[in-house]
Amino acid sequence: MTTKLKGLKELGNTSDPLRTVSYQVRTKMSDYEDDNTDVQSLTVEEEYELWNSNVPVMYEFVSETKLTWPSLTIQWLPSDGQSPEQSLIFGTHTAGEEVNYLKVATINLPAGIAGLDQGDEEDEANDHSSFAIANKFPHIEEVIRARYMPANSNIIATINGKGTISIFDRTLEESKAQVSTLAFHKENGYGLAFNPHISGELLSGSDDTTVALWDIEAAKKPKSILTSHDDIVNDVKWHEFESNVFGTVSEDKTLQVHDKRVRLEPVKKLPTASPFNTLSFSKHSRNLLAAAGVDSQIYLYDMRDMSSPLHVMSGHQDSVTTVEFSPHTDGIICSSGSDRRAIIWDLTQIGAEQSQDDADDGAPELMMMHAGHRSPVNEFSFNPQIPWLLASTEEDNVIQAWKVSMKLVNASPPAISDPSLLV
């Protein structure tokens, strides 16, 4: 059965506080026709309609929800893998017009999208997902970043526009859910990351140029403070294999790698031509690091020798806001940017031969471009349980959940990448 795709274009200017349009895609590759439209000449709305018409060839599932206020942050929560219900966290940015909230939403996926075995007829009867707010907790100032603690996903940390960190327990009732406040930073903060190896250990980075290391289970003062940056700290991330190692990027045009056992100076400090906004350590290869920023490029580094990048990937047309490695598939990266795009990259295709037509469409490692947003993408998140399922949030009050077509995934030619990228 082929499901007709409809309804997304009706969502754009609704005044409803929360409205979702979603569908599970059931189609054949032959249903897609390329009309050779010149994308460069299209308006934002025309680009969106073109993307909507191409959805059948690119996705298994798409859900779009219009919010009352924009969210600057989004993250899937882990699930038990036995139910089609998935949860995610996001926040509000009301610019002082209303109370801000940290929110927990649930989205009920079609069973097939969630990877659960269900009969075709029953699955088709449940093609549409539902998006609902399960919990919301009052929040002082806007929610800049929200992150769950890997050791206990009921514990969520946030950082606001004044640099204040709040710790929530989402199992508690609304009035008691904020269990502690961590005050040190003097300005806005975009860096926030729990150590995946040590329960309660949290990093924060701020516009005040400092990075703070916290133990949220022991004290309300930082364990240590790093002052090695000279300008705004844009992002902080923990290494996926080493519990003492983390990275930071800053407006001071440096990428720094730190070892928390060495308190004074970074163990590696890389000057960059322009500031990086974001960085990510590979979840599969202990020496691989990605970073990106205002020049729109994605840089790949070998941590054993960071004097020059292993490879630079081009595809975005504006500043990159987020970059993350897939938790499921080695060599897969996603990036999002102010150009309204999220791009999935396949590092195994670096250096692959291309026809001229393919080369005109982008580098061989550019696997897929998600063009469903109509304003800059603030952040995205890989679902930790379901491969190829992502959620993304944009400036224009919209959250999208989307799963890449398995036909697109399986269409990739054999891997020929430089093995050094995957060590």
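Even glycines carry a Cβ here, placed using N, Cα and C.
Between the listed ranges 77-81, 357-361, 417-421, Swiss-Prot ties the annotation region 'Interaction with the histone H4 N-terminus' to 357-361.
Residues 71-73, 75, 77-78, 89-95, 99-102, 104, 180-194, 196, 199-200, 202, 204, 206-208, 214, 216 of the same chain lie 6+ residues outside the repeat 'WD 1' (138-174) yet bring a C-beta within less than 8 angstroms of a C-beta in it. Across the repeat 'WD 1' (138-174), the DSSP tally of helix, strand and coil residues reads 1 helix, 23 strand, 13 coil. Look at the repeat 'WD 2' (175-224): DSSP puts its residues at 2 helix, 20 strand, 28 coil. Other C-beta atoms found within 10 angstroms of the C-beta of Leu288 (site 'Important for interaction with HAT1') number 25, with every protein chain shown included. When averaged over the repeat 'WD 5' (315-355), pLDDT in the model lands at 97. Counting only same-chain residues 6+ beyond the ends of the repeat 'WD 4' (271-311), those with a CB under 8 A from a CB of the stretch are 231, 234-235, 237-242, 247-255, 257, 317-327, 330-331, 333, 335, 337, 339, 345, 347, 350, 418, 420-423.
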